[in-house]
Structure formats: C-alpha cells, structure tokens
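Each remark here refers to the structure printed beneath this line.
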Amino acid sequence: MNIDSIVRELIGQASGITADSRSVKPGFIFVCLSEAAKGFVPDAVKAGAKFIVAGNAGGLPHVDHSQIIICPMQHDLYYKLASEFYHASQPEFVAVVTGTNGKTSVADFCRQIWCLTGHTGASMGTLGAIVGNTTLPSSTSFTTPDAVELHKTLSTLRDLQVKYLCMEASSHGMAQKRLYGVKASAAAFTNLSGDHLDYHGSMEKYWATKQKLFSEVLSCEGCAVLNADSEQYGELRELAAGRNIITYGVDTGDVKLARLERNTQGHNITVKVCGEVIYDGAFPVLGKFQISNLLCALAIVAASGSGHRDVPIDRLASPRGRMELIGDRIIIDYAHTSDALKHALTSLKWHGFPQKTVLVFGCGGDRDREKRKTMGMVASQYADVVIVTDDNPRSENPETIRKEIMLHCENAIEIPDRGDAIHYAVNFAIRNNYVLLIAGKGHETTQQIAGKSVEFNDGTAVRRCLSEMQYA
C-alpha cells in the first residue's frame, strides 16, 4: 500500500496525529519517527491511540495487530497525514525564508510592513507565530515547527483571515521535511555561513539542505527572492530557472539601495525598486546587516502583490532580541554564530558609537563545538572587553564550554552566571562610558541548564540592573 493509499485509509478514522506519545488522545494516530519512539507505544495505546505507525515491525511492543501500520517511509507519511488532516489550509500568500542569519528579521519586517499598510499579515519562526502584534500560543520553540504543529498553525492563521505570511525555514526543518505540504508562493534566501555542522556534518551538506527550499518546496508558479550580493546567487538562480525571480542587494538587484547614511539610532536610506524610488527617509533599526534583511523583506512584499510603494519604513522596529537598543548604549542581539557576532560587533563602530565595546557572550552546549573557537576569535578581535558566560549549556559541563571559548580569547573575563555577568557588564559599561553588546540569546526567556529550563531573559536582567542603578 503506497503513502497516498494509507493516508486515505487513516485520515477519516483519526481524531488527531502526533509523534509525541505525551500528546496522544483517544482516536489519535501515533507515528514512531525513530526506533526509540517504539518504547513509548504502550503509553500511546494506553492514552487511546487508534493506530500505530512505524517504519518496521522490529522492536514493537505487543499490541493489537489491527492497530499497527508498517510504512518504511514513515516520515513522509507523517508529513502527508499532517497536511491532509488540516486540509492543506493556509494563508493565501506564504513566503518561506531560509539562510544562516537574518530569517527572523526578514519575517518580522514582512509582518510589520503588511500590517502597517492595512493588510492582515503574520510571521512564523523563532519568535513564534505572530498575527498583527499578537503572539499565538504554541507548544514548540523550534524555528520551523513539527509538521503537525506547523499545519495546525497554518490552518489557524487561515481561520483568522490572515492573507499574508512570511515564515522561517531552518536547515533542521528542511532536512526533516517539516515543510511537506506547504504551498510556498515565494522562497527567499538571505546568506550562508557555518552553523549546525554538528547536525549536517559538512558545509556542503548544510548548503544542499538549504537549496531544497527552492527545488522541493517552492511551487512551479512561485517566486524566488534571491540575494544578489551573496556568493550563492548564481547557483540559486540556476536552480530557480523557469520561475519568477526577484533580486535584492545593497548595490545591485531589482530592490536595492540608492543612498545610505547611518547614525546611533539606525539609518537614513533611499530604496529603489526596478529603478523607481519607493522610499527616502529613516530606517530606525541598528545593524548594517539589517539593511539586507529589509531589502529582502521588501522584495517578498513586492512578490506578494500587496503593494510596496507606500511602505512606512520609518515606523519599523527591531524584532525582539535583534540589535535591540536599551537606553543609549546597551544592545541585545541573538548572534550565536561567528559570522553574526562579527556583524553585530562591527555594526556598533559602523553606526558611529564612539565608545569602546564590552561583549558578553557564551556558546550553547550539545551543539557545534567549532563555534566556540570561531566565536572566541571574533570576540577577541572585535571587542575591547570580553566577558565569557553561560549561554544554554544543556547537558554539557558549562565550565568546559567556557574554557574552550577562552582558549581563543585569552584576556576574557570569566563570569559563569549569566545574570552576574550582565550585572557586571552593565555597571562597567556605564561607569567607564563603554557600549555593551549582550549576544547569543536575544529574545529567549529561559536558559537550558542540566536538563532544566530556568526562567531568564537578557533584556529583563539589563532593565533590573539599570533600575537598581537608577539609570533608567
């Protein structure tokens, strides 16, 4: 029996689908996406699972054989079931953006632009699913949600009369086919640098995964939004041949800059689309790299047909935790790759902050260890004072992570507790007239330590410290 036949057989008999035994309810289909998941089959059956799907029969506990469906391509079946269960319902226009850095900002700028121009727009990704200014409840923290959560959210957005959506596509999400069944009206690419190599194994495999957005997800009638400034532009243009293509770039592209000035509050810019000036004024967002993200967002908006000529760019705001300015000298940014950290640090000088720079950062545990070296080197080269602290150590020994970073920035100050590190850095920066960058966690509201989720937010820690100092 092929996948389509199995879907037709099961979809009308099920009350829900999940790959998490803890989410099973009576009448659900429980899909074992890994061999380890078979160990939770008894829990799923006890909770009322009507069908059990597995890739093979090996290791399955004894259950009623009428409940078991064996499908060697159980991952594909899972995504197909998720799409069909929610009737492939989604907003009229869905743009999907991929790339190492910038995805969240692009999606957020798109949502802001659509809303500011009188449309019902939404974004979905690392910050959650946001409609207008309201974040929807979610059970996931993934950039690209699990297939069931994704299609459930898409269906909810449709029910809320959302017409335009821009969502992020992570490399994990692409590799695990979480976007199966999404009808992408546009696919956009930001940039490529090293990340998640612990998962993908090599830059070649990482890049190949990113390309799947254009070869497997973007519809034949869809639009490819390509970064003309990127090294990957030529390869992606060939991959997108036969589809509509909109290019963007600082110096060249259908959407490009004609003028750029910067200050400590952001930028003043002139933007052209196909040779026509569509905006001349302020862009009140910090970060030189945010210019490229804005241009990408404008290209997506142009592809959507919602209108790109009267966009109030001067009313755009930084996404939460993305070059977020607190007071006049403290910036919080999500930078968690060496490339992103370099861009964040160099942007401070580029914007004309006259002060020296204090940097607070760490690296995540159970993730690509090579980043500890490269981020340490960037910190040592571009920051005047470096404070190494804990990020999300997860199951690793935090001290080991810090030591591996400090091998490459020998003069760094080590303060294990992130709250203590921020308190020290805020006091140091204000008393010595430095500018402070706190990198790595951005908008996150928890810290993952030894299997526990501890409530913590960089911005909250900064504001508490400023309040104690009666500075703000």
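Glycine too: its Cβ is placed from the backbone N, Cα and C atoms.
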Of ARG322, ARG329, ARG367, ARG369, which one shares the meso-2,6-diaminopimelate site with ASP391, ASN392, PRO393, ARG394, GLY440, GLU444 in Swiss-Prot?
ARG367
I'm checking region-level scores; what's the whole-number mean pLDDT for the motif 'Meso-diaminopimelate recognition motif' (391-394)?
98
What is the maximum Cα to Cα distance, in Å and rounded to a whole number, among the residues ARG367, ASP391, ASN392, PRO393, ARG394, GLY440, GLU444 annotated as binding meso-2,6-diaminopimelate?
17
Residues that sit under 8 angstroms from ASN392 (meso-2,6-diaminopimelate binding site) by C-beta distance, when 6+ apart in the chain:
GLY364, GLY365, LYS441, GLU444, GLN447, GLN448, ILE449
Taking only the binding-site residues ARG367, PRO393, GLY440, which one has a CA atom nearest to the CA atom of ASN101 (ATP binding site)?
GLY440
Structural state census, the motif 'Meso-diaminopimelate recognition motif' (391-394) (DSSP three-state):
0 helix, 1 strand, 3 coil
Fewest other C-beta atoms within 10 angstroms of its own C-beta: which of the binding-site residues GLY99, GLY102, PRO393, GLY440 fits that?
PRO393
How far is it from GLY102 (ATP binding site) to LYS210 (N6-carboxylysine), counting Cα to Cα, in Å?
14
Residues that sit under 8 angstroms from ARG394 (meso-2,6-diaminopimelate binding site) by C-beta distance, when 6+ apart in the chain:
GLY364, GLY365, ASP366, ARG367, GLN448, ILE449, ALA450, GLY451
